[in-house]
Amino acid sequence: MAATAAAVVAEEDTELRDLLVQTLENSGVLNRIKAELRAAVFLALEEQEKVENKTPLVNESLKKFLNTKDGRLVASLVAEFLQFFNLDFTLAVFQPETSTLQGLEGRENLARDLGIIEAEGTVGGPLLLEVIRRCQQKEKGPTTGEGALDLSDVHSPPKSPEGKTSAQTTPSKIPRYKGQGKKKTSGQKAGDKKANDEANQSDTSVSLSEPKSKSSLHLLSHETKIGSFLSNRTLDGKDKAGLCPDEDDMEGDSFFDDPIPKPEKTYGLRKEPRKQAGSLASLSDAPPLKSGLSSLAGAPSLKDSESKRGNTVLKDLKLISDKIGSLGLGTGEDDDYVDDFNSTSHRSEKSEISIGEEIEEDLSVEIDDINTSDKLDDLTQDLTVSQLSDVADYLEDVA
């Protein structure tokens with residue numbers, strides 16, 4: 001029974017298989033499956049042939065470079081860099097691709113070949129870093145040296161000119177003062193030297209007790225002594241007329257900033273325009289006789305009458321001349337000075353009284369002008385003695 005049952009089942013399976021195949025063929029599915037299987041088999045066979053006949057990847061330029069000594073040195077430096085920082089994955093790709101699985105040098109051999117000396121047990125970084133540092137030092141070495149030379153050249157020239165200028169400016173001033181000192185005549189009095197020192201001061205008020213004002217007023221009172229003083233001043237004026245361009249030494253002094261007063265009155269002389277500049281230059285060292293009338297001892301105030309003012313001024317001048325005579329200034333050579341002055345001067349014969357009267361008239365005119373302008377605080381009288389030539393002199397009255 002069992003055998004018959006198995007035979008029946010086998011027949012039924014065969015019928016079902018045939019029925020399935022027939023159904024698949026009728027629908028076209030079976031043929032499509034057969035074609036796909038056949039294509040897959042053919043593709044597998046083709047792929048197998050390609051893999052067997054495939055050539056290895058080779059970079060010809062890299063291969064030629066690595067065949068040289070420098071090429072192997074560079075590849076060894078890169079491999080040492082990757083090994084120093086434990087870049088294993090990158091190293092696993094680098095070595096097969098460059099075909100450098102073997103033949104690369106270690107760190108010690110590289111350091112010896114490059115001339116890098118390392119202390120035992122001390123590793124500061126990869127050898128590639130040390131090579132770059134040495135290249136930078138070689139590049140910066142000449143430039144820094146040139147820069148140092150340039151800096152020395154830049155800073156050194158200014159020092160030498162400064163030294164030269166300082167050496168030149170100091171002696172340039174000394175000969176000027178020495179030259180002026182040598183050009184002074186030996187016959188100059190002590191009072192004249194003090195008068196020259198007084199010219200550098202802005203406040204030139206005259207007092208009766210100072211020998212400076214005594215010597216300057218002595219020039220106004222005695223005509224004979226004026227001749228000797230003017231002869232000495234003329235020599236200084238001629239010498240200093242050539243030194244007039246050196247006006248830098250005169251800067252800073254208020255006396256030289258004031259304009260030179262114009263002469264208002266002359267006494268019996270003729271003007272010579274050619275020598276006027278020299279005569280004015282001779283007055284540069286003479287002190288201006290600026291003094292307020294109220295500052296003179298015994299002089300009345302400005303509110304007194306005009307006649308009393310003139311008389312008091314004349315009395316003061318006589319007093320000063322007497323005091324200077326008592327001090328012994330200008331004595332001993334008065335007769336010679338009188339002879340020289342009288343022989344060479346072209347002045348009109350005027351006595352001290354006539355000159356005093358003219359001074360009194362000038363003072364009266366000046367006081368009238370001051371009274372009309374309501375400026376009665378101070379009156380400054382500048383009596384300047386100068387000489388336009390060797391044979392003439394004049395007096396200036398400046399309010």
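Just so you know, glycine gets a Cβ as well, placed from its N, Cα and C.
The structure displayed is predicted, hence computed values, not measured ones.
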Can you tell me which of these residues Swiss-Prot lists as phosphoserine: S152, S221, S295, S364? S152
With every protein chain in view, what's the tally of Cβ atoms within 10 Å of the Cβ of S326 (phosphoserine), excluding that atom itself? 8
